[in-house]
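*Asks:* Annotations per TrEMBL:
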type	residues	note
ACT_SITE	B:S184	active site, phosphoserine intermediate
BINDING	B:D135, B:D387, B:H391, B:D429, B:H430, B:H543	Zn(2+) binding site
BINDING	B:D135, B:D243, B:T245, B:E382	Mg(2+) binding site
SIGNAL	B:1-20	signal peptide
Amino acid sequence: MRTPDRSIPLLTRRQALVLAGAAAMFGSSVARAAETLGFNELYSKFGVLGLEFSDKVKQLTGRQVAIRGFMAPPLKAEAAFFVLTEIPMSICPFCSTDADWPDNIVVVYLGEKQTFVQPSAPIEVRGTLEMGSWTDPETGFLSLLRLRQASYATV
Amino acid sequence: MRNLFATLIATTFLAGAAQATTIYPLDRATVLTGSPFDFKVEFNSVVKPEDVKVTVNGEDYKAVFGSEPEFVAEEKGKEDKVLGSALVLRGLTIANAGAYKIEVSAGSETKSVTWDVYGTSETPKAKNIIFLIGDGLSVAHRTAARIMSKGMTEGKANGRLNMDEMDRMAFVGTSATDAVATDSANTMSAYMTGHKTAVNALGVYADRTPDSLDDPKVETFAEALRRQTKKSIGIVSPAEVEDATPAAVVSHTRKRGDKAEIVGMLLDVKPDVLLGGGSAYFLGKDTPGSKRKDDKDYIKLFQDAGYTLATDKAELEKAAGTNTGKILGLFHTGNMDSTLDREFLKKGTVEKFPNQPGLVDMTKAALGELSKNPEGFFLMVEAANIDKMSHPLDWDRAVVDTIEFDQAIGVAREFAAKNPDTLIVVTGDHTHGVSIIGTVDDEKEGTEMREKVGTYASAGFPNYTDENGDGYPDKIDVTRRLFLSANNGPDHYETFRPKLDGPFVPAVQNENKEYVANEAYKDVPGAVFVQGNIPKEGDSGVHAVDDIVLQSTGPGSEGFKGYMEQSDVYRVLADTFALGVKQTQ
């Protein structure tokens, strides 16, 4: 059993560490205003005949945004991108012939190389939001929503 | 030292070269008369065409088979590695039943196989077949569904499931051609073609070349129906309709993951009723939610082919009432939700897709449409989520889906009662490593949850209730519940409780691509860490190699008995419909 009097200072300390880490990671970009975008805000409509991007996504396209999620295991270690998912991936779609990605993924192209983190650790990614169909030339991986020139930090 | 090394290389090389030449179909294959299949010989070395000799029952094969094969001088593997020469003859048919011994030689390579070519009855035994398949349906699922749905008093069940009322049964062996273990692709493919194949393959023998779409084909049941009859075809599954089990009714690919291509194969065969999930592979790549890599709009292509489209429960009811003859029902971009989430807890993806029909609704709609054909029909109904919930060790969801499966069997039984010329087959495709070992009783003394596990006499009986008589327990989280336990799995936390917040996710991947216990369950009161016993690359519980139980009732069911290979089931289906005989003008 956790006691409340212990957990409060712990949380505060962790938050402080996260803030410090984020500032170091994001460098100059932290000064720029980044609108936060949640996974639950990506689509305005889910339907069998397709999903519809929300007005917020449409408005933020081309702008600097921050999205929190989980890093899926990379396709290959040196891949130019990784996939950001709402929940930690319990299956590896790249590993198995029958596994599939969830429909609400965001593909992240990093501005500079960063080391991959534990896929079960929540991260915040900042980058320029890009919307529309794009096939990664190297892997053939198709995406509809991307963050370009991105960087991330664990939260 | 150098000599020893050289010898080792030579030995290894020779051992490789000594591997047998391969002939497809494999030895002991069973082939329906008149059913087209691809014949292929893979030589282990590059041979000269003039050295190749093939005989069928001692005669030159070109005379017997009646056509000229293609000789491939060099088949290439990955990175252009030369694999050897090959002979390929596509779409071969054999008209007369009997044993066919194929002998092949070229240089030092020789190989022989014998096929059993069989015919069928002259006249059909039944007009309709309803083939109901519980994906992963194991004995524990059946027992748990009976106890949870009907209850038990003093050791006797308080009621019987629909599947308990079948007249005949068989034990079915599910192993693949390349492994004792198995998956839903090769297992359903064996049912639907009469040929066993390799893990992940559908409607083909798995050859050595990397291309997944060039492997030697065998005819699917749907193709045989189109060739010999005017019967209607229905496919119903809460999985993506391009997932392995529904795909196996029509498809040919070495890789079940070729889902975009499988949608095209579905359109080629045009099942009259196609209901399930998986619309993402029907949408062109620019549509958000699409999983295609091309611009093909299969929704439109199906509509152009005369299909009425339904995208939720209400539209399915409406489509079932129209007279278009063909229904495409797609109710989810991916797999539809489990019964427990869809009907009771409203978890999973139910918020995004709130009006999904259930297996009973879909089975009723399909039967209503298909039974309009005076020539009869074949309907395949898959309860996919039994398997999809067993993999993550979510036994409560798997069992509730088994209850729904049983209710769909009830719909089939009602139909057969009015239409006695109907064969019903109820089976699984493979099993899972799961057993019921007793109960978990929250009222038992003790601080640790394992103290509350009741075994032997202390198990007592579970206290599920069904006050509203819908066949489902009024709630799943009763105080004394069935304890189902897996015999395999990844590292995970056992919580001893139903997962009310959504399907169980036992393990997640770490940065080394190893699956580790999902920490989200660590703090559930009483949760204990369970060490995995499968390789760490495994994300969930695996299929078992145990036989499955097949049950059947109606004309033709006398063919099911004793032990059968999964591919033998096809022969009973073919005989029931007399598919050795042309029934069209």
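The backbone N, Cα and C atoms fix where each Cβ goes, and this holds for glycine too.
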*Asks:* Within 8 Å of the centroid of the Cβ atoms of B:D135, B:D387, B:H391, B:D429, B:H430, B:H543, which other residues of that chain place their own Cβ, given that this set defines the recorded Zn(2+) site?
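*Replies:* Everything else in range on the chain: B:G136, B:D183, B:S184, B:T187, B:I386, B:S390, B:G428, B:T431, B:H432.
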*Asks:* If you compare CA-to-CA distances from B:D429 (Zn(2+) binding site) to each of the recorded positions B:S184, B:D243, B:T245, B:E382, which comes out shortest?
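*Replies:* Result for B:D429 (Zn(2+) binding site): the nearest of the recorded positions is B:S184.
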*Asks:* So of all those recorded positions, B:S184, B:D243, B:T245, B:E382, which one's Cα sits nearest to B:H391 (Zn(2+) binding site)?
*Replies:* B:S184
*Asks:* Taking Cα atoms as reference points, which of the recorded positions B:D135, B:S184, B:H430, B:H543 is nearest to B:E382 (Mg(2+) binding site)?
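*Replies:* Closest recorded candidate to B:E382 (Mg(2+) binding site) by Cα: B:D135.
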*Asks:* Among all protein chains shown, how many Cβ atoms are found within 10 Å of the Cβ of B:H543 (Zn(2+) binding site), not counting that one?
*Replies:* 23
*Asks:* Taking just the CA atoms, what is the gap between B:T245 (Mg(2+) binding site) and B:S184 (active site, phosphoserine intermediate) in Å?
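*Replies:* So the alpha carbons of B:T245 (Mg(2+) binding site) and B:S184 (active site, phosphoserine intermediate) sit roughly 6 Å from each other.
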*Asks:* So which binding-site residues are near B:D243 (Mg(2+) binding site), with CA atoms within 10 Å, out of B:D135, B:D387, B:H430, B:H543?
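*Replies:* Qualifying among B:D135, B:D387, B:H430, B:H543: none.
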*Asks:* State the three-class DSSP label for B:T245 (Mg(2+) binding site), counting H, G and I as helix, E and B as strand, and everything else as coil.
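*Replies:* Its secondary structure by DSSP: helix.
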*Asks:* Distance between B:H430 (Zn(2+) binding site) and the residue listed as 'active site, phosphoserine intermediate' at the Cα atoms, whole Å?
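*Replies:* It is 7 Å, counting Cα to Cα.
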